[in-house]
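Here's the structure we're looking at; comments come further down.
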Amino acid sequence: MNRVEGLRANSSQFTLERKPFLILGGSIHYFRVPRAYWEDRLLKMKACGLNTLTTYVPWNLHEPERGVFKFEDQLDLEAYLRLAASLGLWVILRPGPYICAEWDLGGLPSWLLRDPQMKLRTTYSGFTDAANSFFDEVIKKVVPHQYSKGGPIIAVQVENEYGSYATDENYMPFIKEALLSRGITELLLTSDNKDGLKLGGVKGGIVRLPQKPKMVMEYWSGWFDLWGGLHHVYTAEEMIPVVTKILKLDMSINLYMFHGGTNFGFMSGAFAVGLPAPEPMVTTHYLSDYDAPLSEAGDYTNKYHLLRNLFSHYHTQPLPELPPVHERRAYQPAVIQQHISLWDSLRFTDKSERPVNMENLPVNNNNGQSYGYTLYETTITSGGALKSQNNVRDRALVFVDKHFVGVLDYTVQELAVPDGKGKRTLGLLVENCGRVNYGKTLDEQRKGLVGDILLNEHTLRDFNIHSLDMKPAFVNRLESAGHWMSMRHQPSFPGFFHSRLYVNGSPQDTFIKLPGWSKGVVFINGKNLGRYWSTGPQQTLYVPGPWLHRGDNQVIVFEEQETDGKIQFASSPDYGMTIDVQ
């Protein structure tokens, strides 16, 4: 293809090479899909009749510590762009720095919050310096993949939904200039809801005007789920007529999500708009991935087939054949063989007079702790009323001499500590359940203990603080630790539980089920599959076949309170009781 003029918005329709171009887009985030399946998911997108891939770029994964950048393996953005190009898909890139994406802190790295004055998404120098440093790395990688240089990127989005935040009129021009000055030459877009349109645009980007092309940048194919709620479903019968009408109006569209994938690890965000306290999101992205046309494990849905039929009318050539679906297996249950108490797994200890929030702990090369759990221990000499003063972020299991006495969270802020003799150790194991990813409270997303805790109105002091971020190095070290006990010994909670999944033949996708367990995290061959919680709605965790190997596979479960001693497997997911999206 001879490239003269890229995507333009100079008339009522988009043009590419000066010919009318309808964007039939879909979102698939490379960081939510096992790399071994990138090609499978993109081929299925192409076969559905879509011509454009949209993806965010998660700053917090690419720069986990200040100045330490990761663009390999699962995070090889350039490989993803090259793959899209090789399959004949155009790309709209959404590099942030803020992405929302139902992702922890909207993709912003938690180490930004070490600065007590931090003002995220503004021209505050602490934020712009960090954003400039990130853009220095990421933009130089994507510039060669622009349309004008023979690559697939036809447009780049400036930030994300800033009209809903809009606290600094100089911020969007700063982000625009940050892109242009580093060599972005393709069409710039913004994405906002109806109310945000007035405030979120930039000069030179597309805004909604007469005689300009119109695009639904995020046509939501479903809705996200929150722990303790129901699984939201947006039926194909409701969705297809709306998409049909959008296309009949000559409007471009991006399906959000086309394939949702999985919030592996601790990366799911939390929702707080209109709620008294943040509520954490589930592990499957938008549970059953925003009820998306392509399921979490890459299966076709009724929605997919109806969309494919609709999009086929917008192509002059027949659509590609449907790629085959991967087989799945319900493996035999894996019996727990060994366990190790949380208390025996502790390494790093920080001594502090006052509680320190996890982001400000002196760990990870002074970048603080980003995710997971933090244990705070102090000595008490009496029982009585323990009051959190709403300083627990987000949920704390409370122990006296390692015996569980209750939970403190946003709703329960006072607990009775039983009386006892002499000095005893009070422990608060605080979980970061996920940082809010959208709304006005981004600056307030520090986790752990964020202030003082009272016992009988006395402020507790002199803490030993243990960081439990459960990174791969921690899990690998745990496996070789010498404190594992056989299940003949009564396990103590919280604890880590070790089992092996035996795979004969080539590994296939499966789903883990833990009906006899309460709440925790699952690691398979050192990879964090995400959180489970019996409160639901989600009851299974997706295990990608490429993450397994023939023979024995190591499974470690961190469980807070109970186990039935076995891990079950299923060939299909269970996302819980459903409710229609209103």
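In case you wondered, yes, glycine gets a Cβ from its N, Cα and C as well.
Look at TrEMBL and you will find 13-191, 210-313 tagged as domain 'Glycoside hydrolase 35 catalytic'. Per TrEMBL, the feature active site, proton donor maps to Glu161. Annotation comment: TrEMBL describes Glu218 as active site, nucleophile. The annotation domain 'Beta-galactosidase 1-like first all-beta' is assigned in TrEMBL to 368-469. If you look up TrEMBL, you'll see 494-553 marked as domain 'Beta-galactosidase galactose-binding'.
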> Just the number: how many Å between the Cα atoms of Glu218 (active site, nucleophile) and Glu161 (active site, proton donor)?
Replying inline: 11
> Do you know the DSSP helix, strand and coil residue counts for the domain 'Glycoside hydrolase 35 catalytic' (210-313)?
Replying inline: 29 helix, 28 strand, 47 coil
> Just how many other Cβ atoms lie inside 10 Å of the Cβ on Glu218 (active site, nucleophile)?
Replying inline: 20
> Among all the protein chains here, how many other CB atoms are within 10 A of the CB of the residue listed as 'active site, proton donor'?
Replying inline: 21
> Which residue counts does DSSP give the domain 'Beta-galactosidase galactose-binding' (494-553) for helix, strand and coil?
Replying inline: 3 helix, 34 strand, 23 coil
